[in-house]
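Enquirer: First, the structure itself, so that you have it in front of you.
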């Protein structure tokens, strides 16, 4: 080992070549780098171009030094570190003194490098070799003493390299030492790089506990500050500022323990200070992208899907994918992406925007591609609600995500989101157009038995009910994404939103279709029942939903109720008006005397007609209990008083006994009971086998 | 970009103004438009086929550098290709939709041709996504190369710098070859195998992560998992291109004189452009890609230049497949060669540097630096152009579907 120490001096003797300008990475700019991969090298040019030739006197100095080392003293990395810390300011001062000089005095320019520098490097190299051989049993980063010791040693080597490379006399006379120091620096940086990757990858999957000795850290920081107080060029160690504040908010993702983040940051700092920051960044970028994808898969069940695959998916499959996408996007916006940005900020302060973008931007683009893909699938009315879910996620979650990105990428992402939302919005609007078309073109020929609620009505109203649960979103969709042509074709009524107008168009189409279908019933009263059933169902659905009620408005509901009353009147007139005709007085009295045959005929006609009505209309369906009750009450209110009055006036003319039994088939109570049997959908006493239906 | 924008503005403006005029296009005018369209296609691809000729050897470096940047498959050239595609697409859409009765493109043979074209559009969108992801990988390679450049530019050149460069170059070479291995093994399973291999080398290199790992070529920075740059499970760029070529046959007889002709041309151009992109940039699963592009018949005048470009790229592709390397992008090709060469220099390096070897290496380092600088300037703009192509395809598809609906179709055609 002693002989090795002498080699640098011997090499120096043989080197007389003149050196040109030197470019050094020792002091990369601390400014944030917003461009990928640009090497922002700090160029320090030593102005003195003259060659410093050695004279015989130098040899004498070396010999004297060698003599001084005759008594061997046991040296450690720690003791040599202290000596080196004292030496570096001297070297720095020397560099400054000769930085701008244009003349080089031979003897003054030469700078003697003490032997302990080489010794320090040898011991450090020895330490690194032990690490490489896996000698320490514990994981390196979990030993705070080892972490601090190594990082400080790396720091000293980097400072030494920086000074040597920027001092012309050292370049001229100490090339061998520079090579040795550079070699050790590289080995140390490679070690740190590997440890950085290991910590980044492993710490996130298993919780590790690092005991932080705050007092020790304080002591070291103080010592460092004192030792470096004379450094003019080399930036001071700010370990003290790295001690986490008690009030620091603990982030949920990515979930590295606080002390692990501190270690990562220190490694990044030392690597950057030594000019090896690019390696550290690249390890970070690869590691974080892999971890982020794995996390999304584990936590959200997220898997990337191609657009082609989305087009081919069955609705069942896509219906399961969309909620996964929604959750993933929301979690990325609220948790994963902010977590990535914060982590980057804490490990690479000042450069976090750049790193964050590389980790997340491609993923964000593909997220939006999925939204576009869904909008491009074959349309069907059942897809509306999932499409609106995606639309809402983009509307509600993207702003928070957007703010994480720098402006140039932000505008690009905003354009992507605008495009995706436009496609989704247009698709939603087209789905309503398709609904209009299917309502208009529903042309089933078979009337619904019993005049019950038509499936078209049931489907449409349920659909609108669910739609109106997205009322605010649909208002926005119709306002923002309607094509100009539509607005021109159908001017929006003043006071109505575009979505409300759409709903009213659908209702009008439904009414029109139902009116057409009602004409399929030959029995006009039945067509009225049909219209009442459907109209009632519609009104009940609207009143039962706050959202849809709000969209349609009270005016529309009142108009609806008015129309229902008209159908009610028509029904009564067409059915019971006729029956009431038999209870009139005309033709029954002549010259104050009863015309018995006519009276008998009246009773017979009434009975037969009532029987027929009862038989028929018990099979008709009115499922709505209130409507059913209203119908019965209104029929009863008209029929019973009239029948009772008729009986009171003319019943007496029939002979008690046989005639009464023959012609007076019903008492008023009987008729009332029978009216209460109407609209049950009861087919037990009917020749038709229609199943009884209830809502 | 400017020509594309001009064309886009004028064509789209005309489309929107005359969208609702359901008047049959005058037959003579249509013939003239169709012939003009073919001429424009031929002209644009002729320009792409014949970049500025390399200057004589005694010319200054600046001219040589300019010529090199515009070689086929360079980033600059790929960007021009994107512009050409956008111009062709805008012109085609004007022919297809402008002033035309919607029912015309819903009758035979368009009831078959249009859905096929829309299906190709869907597949093209996925390829755009794959290529954008692939360019992210290329940027990663660029950053690795940048580290090597930084190390080897250091003076004086010492053992540490050379080992640093070798380590970065090893990562670069492994990244390039690993991508192809995953591709060759095929499918998700193969990809998984590739990843497992990578992880094993990581484990192996955990404690010998210094120079020994670099000398063994072990990946130390780590490899992007396929999940980071994949488009979807079991997605394959080669299969997509192959599917896009299905039913891609020239119209015959009466059809050759009408609208089916520009539809065939546009479909061919789209497939070709997508094929070029997947050849240039590392993409998910590209094995067999070289065989998946039937060339249009040579008797078609408009296709001459396109065929010429295809032949040049195909030749280069066949050479590359034997070597098993990634991507035909000109810059990546040169980067790979330089990487291997500089690795040899690093392996043979002994301090102090031998003058001749150091000077030779310095020339290569300068070339690598130039490549990195150009990639730095143009890769992101290329990604942006591809995103623009993506959105153009999406919009055009939506417009065509809307026209079909106006033609009275109850539901969208099966795509």
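Glycine is no exception: its Cβ is also placed from the backbone N, Cα and C atoms.
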Enquirer: For the feature phosphoserine in Swiss-Prot, which residue out of A:81, A:314, A:419, A:494 does the record point to?
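Expert: When Swiss-Prot is consulted, phosphoserine appears for A:494.
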Enquirer: Select, from A:176, A:183, A:397, A:605, the one residue given the annotation phosphoserine by Swiss-Prot.
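Expert: Residue annotated phosphoserine in Swiss-Prot: A:605.
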Enquirer: If I look at Swiss-Prot, which residue among A:76, A:212, A:418 would I find recorded as phosphothreonine?
Expert: A:212
Enquirer: Swiss-Prot tags one of A:14, A:217 as phosphoserine; which one?
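Expert: Residue annotated phosphoserine in Swiss-Prot: A:217.
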Enquirer: What is the total of other Cβ atoms whose distance to the Cβ of residue A:605 (phosphoserine) is within 10 Å?
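Expert: Summing over all protein chains shown, residue A:605 (phosphoserine) has 14 other Cβ atoms within 10 Å.
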Enquirer: List the Cα distance (Å, whole number) between residue A:605 (phosphoserine) and residue A:446 (phosphothreonine).
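Expert: Each residue's Cα considered, residue A:605 (phosphoserine) and residue A:446 (phosphothreonine) end up 33 Å apart.
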Enquirer: Sort out the sequence-distant neighbours of residue A:446 (phosphothreonine) for me: same chain, 6+ apart, CB within less than 8 Å of its CB, listed by position.
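Expert: When sequence neighbours closer than 6 are ignored, residue A:446 (phosphothreonine) has A:520 within Cβ distance under 8 Å.
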